[in-house]
Amino acid sequence: MGFRKSSIFAWLWFSVAGLLVVLTGAPARAQAPLKLFNGTSLLGWNQHGGWNVSGGAITAGGSGERTLISAVPFGEMNLEFEYNASGSMGSKLRLWTDRDGSGGFTIDLDPSGASAGVGGIETLSNSSIATLTPGWHRVQVEAAHGHINVKIDGLPSGNAGDLGTRAGYIGFTATGEGSLQIRGVKVAPLGLSKSFNGTDLSGWKSIAQAPNAKGGVGHDLAKTFTFGIGGGSTKPHEAKWSVVSGAIHGVDGPGGLEYSNNLENGIVQITAHGTVKSNSTTVLSVRTSPGQLSGGYEVGIGPNAGQINGLAPHPQQGIQSIDQTIVFSDRTLAVWIDGSLVTVYTDTRAENASPLKGAKTSGGALTLLLPAGDEINVSRMFYLTLSSKLYGAPAHTPPPPVVAAAPQTQPATAPPPPASEAEKAILAQQQAATKKDAEDQANKKKVAALMAHALSTNDPQQQLDDYGQVVQIDPYNAVAVQGYKDAQARIQASQQAQEHAANEQVNQQQEAQNRAVQTSESLQKARMAFLNGRISEASSALAVAEKLSPGNPAVHDLRSRLSAAQAVRSRLYFLGGGAGLVGILGLAALWMRRSRQQRFPHLEVKRGFEVGRSYPIEKDTVRIGAVPQNGTYKNDIVLQDIEHTISRFHCEVSRKNGQLYITDLKSANGTLVDGEPLQPGQPRLLRRGNTITLANNVELRFDYGRRPAGQA
């Protein structure tokens, strides 16, 4: 029930406020209030110090300084929200501040103990409300015509006048311990001027599509107009603009309609509907180069509302007639559709005169851009210029201009009257404002120099230093914040890579030492078994040494001696048996057959740097790798590897009991046989036609072929 009453009061308040604006003769606001909080996320806000969304409210808990600033500024406005504060939070509403929350006006929100009272305007107006009961309370702020009026739950609490023209950001701060919850934040921009009077196109001029235009909406849909031949027309083309039933009506594009006003920062409210083709976009271009159809940020209108061409996608579909608000200041653009925030885009690129290449912050025209084949009707359009010089201006108003008095006869020695305390305070405020302006200008120059230096170097440490200084000056500089994070990540990645390389080198050295010790032990065991006639035991021990150190000459020599001894023992065995003669004849026949065939095992390069080259397998152990030799270890087959993915000692082919096996030597990128990976150190039998892939880079084929002429 309480929520319904609050909603009814809010509706009545905004309705009465709007009626008062009309009755006073000021330009009426064109649309409904804008929601600054969608109930689910911090879209449209920049936060520092730990704000989150919980239970449909923006919440700040804990302790320390916490700041929440709107993504875009506003000028004159009606502001409404509800809040629930507990503890000594130091809760405050900030009005018309600069981008980092400095300057402007401060309205106390603490339910008790606030310096200016609940809803009072610090240094300007104390509130008669000293305390509030726990729970939710509604705040209404009317800030227009140089006045600020604050109400808490419908009761007047703060009032200040003669403030002059103001503009800036909306924010909330909390500095103490406790909890602050905020919900239902809405703002109604006031003081907007009509750019379309509803009867004719006064103040507007048609901009023609230039011949052979190659950029922007004009180029994209000039191809449609000319059936895609050459991408443009051979002569200028103007769209047809008129006023039909109180609305700007545009057909027969491509072309543009420019409003003769130059806006650097501003608010635009527009109501548009129309029909568009699936591959085109009718837009309102802001900061457009005067007299041209390009050079501005192209914000979709009507069915394309919320889209920023090339930068932000289309957030909704199926829209026909809508109210739309566009706020743009510095590098940020925000778009509301029917009062709901749908797009917030901050251009973090380097500055450039064209949004196609970088961030454009200089002013330009408001231009309706109509592609070929589209039709658009604009029934209402209002605008407000926002001056960045006003953002964060001091709360105290400047002194009134000095009026020259009539000459009076006074003694020449009469001293001037002393300045009052109020005049001294105002003078101090002016001096502080002048000092702040000078500091801001110096900081802007320093930031520009630091950003340019950071973008010109590839040294991440230098970039970290430059961006860090920028963030200290301007914590809300999105480009510097992201650059600082990127540089920090690059430095950490480099340090991790160096540590990994050092650890890898230590591990390799330790592994080499372990292999040498184990090889020596296995070799000694094989020698002792061989000398004692235990051929099988010697062969098993030697196999361990071969696996650990395949290229060790001592291991290779002992294997040759063992093979010879095994051959002699086999011959004696066959000769001693009844089937010895048959065996000898069979071996002779086999030898003769193989001699006639003259076939030998080899590896042929099928993919890699030396396609077609064949490497013979002539030794009992043939090692394959990327380098000829490293220390005492050598490769028999050296494969050239441009991408450096093959390990120095990648794999080996060894002969055992008359058959050939391949073993992966713990390579970095692995060895495949017919697509199946080998387990490091585990031999696999090779068969004719096997495909061996090294590091997914070089492919070898195992086969038997005729021995080349001239080889024994």
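Cβ coordinates come from backbone N, Cα and C, glycine included.
Curation plays no part in TrEMBL annotations; they are all automatic predictions.
Copied from TrEMBL, the annotated features are:
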- 403-412: compositional bias 'Low complexity' (COMPBIAS)
- 494-518: compositional bias 'Low complexity' (COMPBIAS)
- 609-678: domain 'FHA' (DOMAIN)
- 401-421: region 'Disordered' (REGION)
- 494-519: region 'Disordered' (REGION)
- 572-592: transmembrane segment (TRANSMEM)
For a three-state summary based on DSSP, what are the helix, strand and coil counts in the region 'Disordered' (494-519)?
26 helix, 0 strand, 0 coil
Within the domain 'FHA' (609-678), count helix residues (DSSP H, G, I), strand residues (E, B) and coil residues, in that order.
0 helix, 31 strand, 39 coil
Calculate the per-residue pLDDT averaged over the domain 'FHA' (609-678) and state the result as an integer.
92
